[in-house]
Each structure stands twice: as structure tokens, then as C-alpha cells.
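Pulled from Swiss-Prot, these are the features on record:
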- 1-25: signal peptide (SIGNAL)
- N67: N-linked glycosylation site (CARBOHYD)
- D293: active site (ACT_SITE)
- N305: N-linked glycosylation site (CARBOHYD)
- N345: N-linked glycosylation site (CARBOHYD)
- N423: N-linked glycosylation site (CARBOHYD)
- N464: N-linked glycosylation site (CARBOHYD)
Amino acid sequence: MAHITSWHYGNAIALLVSLAPGALSLNTFPDCSSGPLSKLAVCDTSLDVTTRAQSLVNAMTFEEKVNNTQYNSPGVPRLGLPAYNWWSEALHGVAGSPGVEFADSGPFSYATSFPQPILLGATFDDDLIKQVATVVSTEGRAFGNAGRSGLDFWTPNINPFRDARWGRGQETPGEDPLHVSRYVYHLVDGLQNGIGPANPKVVATCKHFAAYDLEDWNGVVRHSFNAEVSTQDLSEFYLPPFKSCARDARVDAVMCSYNALNGVPACADSYLLQTILREHWKWDEPGRWITSDCGAIDDIYNGHNFTTTPAEAAATALNAGTDLDCGTVFPKYLGQAADEGLYSNQTLDRALVRLYSSLVKLGYFDPAEDQPYRSIGWTDVDTPAAEALAHKAAGEGIVLLKNDKTLPLKAKGTLALIGPYANATKQMQGNYEGPAKYIRTLLWAATQAGYDVKYAAGTAINTNSTAGFDAALSAAKQADVVVYAGGIDNTIEAEGRDRTTIAWPGNQVNLIDQLSKIGKPLVVVQFGGGQVDDSSLLSNPRVNALLWAGYPSQEGGSAIFDILTGKTAPAGRLPVTQYPADYVNQVPMTDMALRPGSNTPGRTYRWYDKAVLPFGFGLHYTTFKISWPRRALGPYNTAALVSRSPKNVPIDRAAFDTFHIQVTNTGKTTSDYVALLFLKTTDAGPKPYPLKTLVGYTRAKQIKPGEKRSVDIEVSLGSLARTAENGDLVLYPGRYTLEVDVGESQYPTASFTVTGKETILDSFPQPPKTR
């Protein structure tokens, strides 16, 4: 097994090469029992976090301080402070990265590989997300305790999936801000083991702050891209997941992004990092720190031309609130910047105290016997329970897009398994992956399911060669049923690689069409994070069933065949809109606006209504009937709603109401059901009105045939409110309709009225007039 899997900060590879040897050396815990460090207050566990960290920083020389502002911090040998690599990754499992060292074999040569976040998002299962994060943090802590990773991990990616062309959309849970916000809340809870714990298991890092969702599109690259975003869209769409992460889940780290926001590079933007993040969201507790994305501080000078020298770039980022450089600008140029009087010693100390306060909270300087997480080890990695959870997560996320009752497959027999994913392994992991103990391929799973399998790749992901068609068609003719497995992969979508088309690549649709003409039942399994236009498959009556499986990782093949054979009933929902292929010709990727314009059609399900398949779509092997016990709700009054809200939580998180629906399984198959609750209005607040807005969801588990289940969906005041042009969150009086989207065009509704006056729930900080 490879020493370290590929990691995907593609443009940072040259940066790594330029750093001193030892970037992949094992981390070690400091010795606080003897030696020079033991004489410092940082080793005194009776003191508060800040005092301990400050004592360490006070003991450093200026040069030592500057040297330790980079991600691959060399430590201070003179003080007995070991080197520490801050850059460890764990997007969907401990992942290959400069701070993580996998062994060649044996212990610590692999970790559990969960589905990519885009497939986890399709589960709409908050409890599952926390369970996955808990396992990831346990395994991350095991690697950290063994000196094979840091104790902080640069995950999750919570930029909403705005544009289907984005190469990193696979790393996110979807396009809806509420959904992404709930995802990150439960994920951070699981990773850090609590909401703002005094002693986190690991430190999570929410990225990329903010308005980052472009890699390289038609020559426009992330390192110099200026995202022009209205204050309304910033507050309503781009920032809510970060508010949930920082203010509500109380994450300990945030990463600022490559792009500029309205002319100011994110890592140099005090409006973002100080005014919004640290002040408005009150993200100011000890041990909260900000890292740049890798090379982003260099981009301030080289990409954005925001400063005239790299020393100015270093000082500008430090003054704005960036504490750590994933790069070399800080250690190379902060000395020069100090000589030029561009920042104060107190500002440098502030950054280092934040960083080392984080390590103090993690127990890095404490005796191992006093730290509950230091006992976590190799036996806690990839346990049978973790493998079962990976299987469950993949199965819960898979979405059934089409089915003419061909699925579930009725019997064994001969099965033709065709396509570039038919025997895929690492391909099913997506990016930011680590070595897995095993990866269950579709070919393996089909054999395990008892089928006589005729396998042929047929074609590749993106080729016009038809050399494999004959073998594929021959296999299909010999079979009772045909399963085609294809879609897109990291050669099409990845970090540094956006798409220019959202059609199926290469000649895959051509092969599927030829397979459909053979006359055998044909099932298509579509892989990839971003959606492709399935119009031709949906309209072809000879394509009998269609599934979307995202990147299901190590349990992919077995989870998919559990769905195909009916062992598991599909209940996932699309976490994004599937756009027609021509959509890319209607709006440039650089257009950050969500609402329709004079020449643009709008983005996401809230503003675009011509989807091939809408956000939240998903079929089942059974049928459900939805009813409202009460069709007439309320009325509600704005003043009463605000006055009854508890004072110890932000008012936008306060409860509006809990809505009860009856879900009856009217079919013959036990199945989960994801209840998605949308809100509509045509008179509450100013125009334009969104088509609908997700305000709540829940996943009801294992509803049996004939069973009637009462399902409760909680809605917050913030979900009821709308965002004004100046970014304020406003509760408007008016008439509202609630709609349950059940995926089969049945939309039971209930209505209510809100009376009273317009009420501001959150006054959004206004950007500086000089921007």
C-alpha cells in the first residue's frame, strides 16, 4: 500500500517541495515532565488555557515566533517544543495529507473510508452525520496519538454547491444553506465531541471562508478570482453554514479561502475575519484560530495584486486575523514586515497564543494519563462497527431516480456488469481520500449476491473510443439483466478542475443507448459528485431504472447491490438540483448571483424551476401517503414569537413551531422516508419571492407496510425569516404555505398567517464603504 495517498491541494505541490525536509515526519508530544519545557507555565495544568499558551509564546524569540507561523511549524528545540504539522485532512475519513503519515502495511496503514459528503448529504440524516464524524475523530485521534497525524483536521468543506460545474462540489453536502448548516453543526459536534468542549477530541476546521466555489473555469482561476457578491446573497446563501459552524457548533478553527470577496482577498479581509466571524458571531473564545488555504497568502500579492510586496501581504493577512500560513509567506516575510512597521508585536503574539491555546485545550501539553483521548489507539481504527456504519451511510444516501418496477431485481441468474465503474476501487472514494482496508467493487458485490456475472468495461469515463463496445454488447446479450455503472470521476471534477459541460462525458450515453436496444432489463448506476443531465436516460423507456450513488467509498459495491436486490430500500434525496446540459450556456460560472437576472435564469431550487430533477428528488420501492392532522395552522404574531424566544440562544435559532405530519406506508416494502418541509409565500416581504425554501427535514426510519407514523419537523424563526437587501434577517407578516415534497409529485400543503410588524432578527454587519 502506498506510503501516502495523493492529496489534492494541486497547486500547493510546488509549495511543499520548496519546504525543508521532514514535512512528513512523525509528530511527537512535548515532554512536560523534564527538560526545559517543564519549567514553563504551559505545562502547569492548574492554569487557564490562555495563560499557559502565553507563557510559551513569551519564552520565544522573535525569530522563533515567526518560524512557527507556518503550517509545518518547526517548534523550538531550545525550549523542548517539538515540531507540529497543522495540516491534516479527514474529509470522509483520515486522509492523505502532509500532516498524516500512513504506514506501508499493518497498523496505521489504512482508516475507514466513508462516502463523500455529497452522498452523506443525500441521507438527510443528522444523527448519521454525527455518528460518522465521531468515528472519523476517533480514528484521527488514534493517528495523532501514534504521532502519525496532528490533532487538528482541516475539514469540513461547507461552501454551498452553487454551480454544478464546481470541481469540489463532491466535498460538500449540497446546495441548500439550511441543509449544509445542519450538516456542519452535527459534524463538528461529532468531530470535537461536543459543542465548544473545553477538551476537544480533535479540532475541526470549517472551510473555505467565504464565497469560494470556483477552481479553474475557462481560464479564470481561484488564486485570482474576485467573487462579486451582493450583501443579500452573502448573508442569505454563502455565510449561513459558517455561522452555524462558528457561532452555533463553536468550531475551533476556520480556513480563509483563495478568492477575493468584492475586491478584498479573503485572508486579508478584516470585515470577514474580524467584523463578521469574531465579533458578530462572537467567535472569540481562547484557542480559536484561522489558517489560510495553502498558498492563499501568496495569492494576496501574486494572484490578486492586492499588495505591492509579499511583506505587505504577510502583514495584511496577519492584521486581518489570519493566524497561520499554509505556505511560506509568513516565515519568509514577517521579519521584513516588522522592520517596516507593518504590524505590531502584539498582533504576532495574538496569532501564536491562539494556535497554542488550541493545543493546550487538546491536552497536547498534559500528562497522557490525565487525558481521556490519549488511550485511543490502532484497535479503535476501522472497527467492525465503523465498517457497518460506512455501509449504512452509503446505502442511506443512494438516490433512486427512475424505476419501472424493474428494481428490486427479482431473481438471481446471469447479470451483465458493464461500464467504467463496474470494477472500480479508489475511483469510488472521490478526493481527499485515505487508504482503505478494502473497497467493495460492484463486480465483487454482484458475485457475492449470487449472480453469474458477465463483466466488460465497455468504455472509459471520457473517451470516444468504441473499442470495448462489442464486448459489452456481447455480455449484455448473454445476460438476464444488465447493470451499467458510469458517470464522472476525479478526472472530470476535482480540486483545480471545474467542468465546462454537465452532460454525460465521452460516449457513455451512446453505449447505454446501444445496451438499451438489446431488449434486456437495463439498470444504470450513476457515480460522481456533480450531477449530469439524465434527460435522455429518463426519457428512454428501455432504460428501466436509474440510481445515483455519488462516491460511496469502501462499502460502495455492497451497498449498491443491497439496493439493487432489495435488501435495502432506497430513500436518499438529491442534495442538489440536476440542471439541463444547456444551463451552462445561460450563466457564466463567475456570476455569483442567486436570483434570476435579465439575462440569467437563477440558481438552486429556490430560484430556478426548469430542473431535469429537482433538489430533494428521490423515489422509493414503496409508496407513501402524507397528511396533515391540522391543515389550518396559527395564526402567529411577530411580537409574540420574538418575546417567547429564550434569551440564551440567538433569536434566529429559537423555535417557531414543530409541525406534525402523518406518513403512511401504503406499499409492500419497509422503507425509510425523508420528510422535506418547504415554505412558500407570495406576499410576506418584498419581491422577488423564492419558489420555495427548505425550512426543516427529518428522516423517519424503517416504516413498515401499512404503518402510519407521526413525524415531527422543527422549524426555527430564522427559517421563517427572509434576508433583506442589506443582509438583515427579517421576520415578515404575511401568508405562508408549507409543502411536503414526497418526490412523486404529491405535495400536501398547510397554510398559516403571521401578523404584526416587520421584525429584524439579526442585523447584518455592513461592509466598509471603501470596498
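Even glycines carry a Cβ here, placed using N, Cα and C.
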Quiz item: CB neighbours of N345 (N-linked glycosylation site) within 10 A?
Solution: 10
Quiz item: When neighbour density is defined as the number of other C-beta atoms within 10 angstroms of a residue's C-beta, which of the glycosylation sites N67, N464 has the lowest density?
Solution: N464
Quiz item: Going by C-alpha positions, which of the recorded positions (N67, D293, N305, N423, N464) is nearest N345 (N-linked glycosylation site)?
Solution: N67
Self-check item: Surrounding CB atoms that lie within 10 Å of the CB of the residue listed as 'active site', all protein chains
Solution: 25
Quiz prompt | For the glycosylation sites N305, N423, the one whose C-beta sees the most other C-beta atoms within 10 angstroms | solution = N423
Exercise. For N305 (N-linked glycosylation site), identify the closest of the recorded positions D293, N423, N464, judging by Cα separation.
Key: D293
Exercise. Based on DSSP, name the secondary structure state of N67 (N-linked glycosylation site): helix, strand or coil.
Key: helix
Quiz item: Can you tell me how far the Cα of N423 (N-linked glycosylation site) sits from the Cα of N67 (N-linked glycosylation site), in Å?
Solution: 47
Quiz item: From the Cα of D293 (active site) across to the Cα of N67 (N-linked glycosylation site), what is the distance in angstrom?
Solution: 18
Self-check item: Euclidean distance between Cα atoms of N464 (N-linked glycosylation site) and D293 (active site), Å
Solution: 37
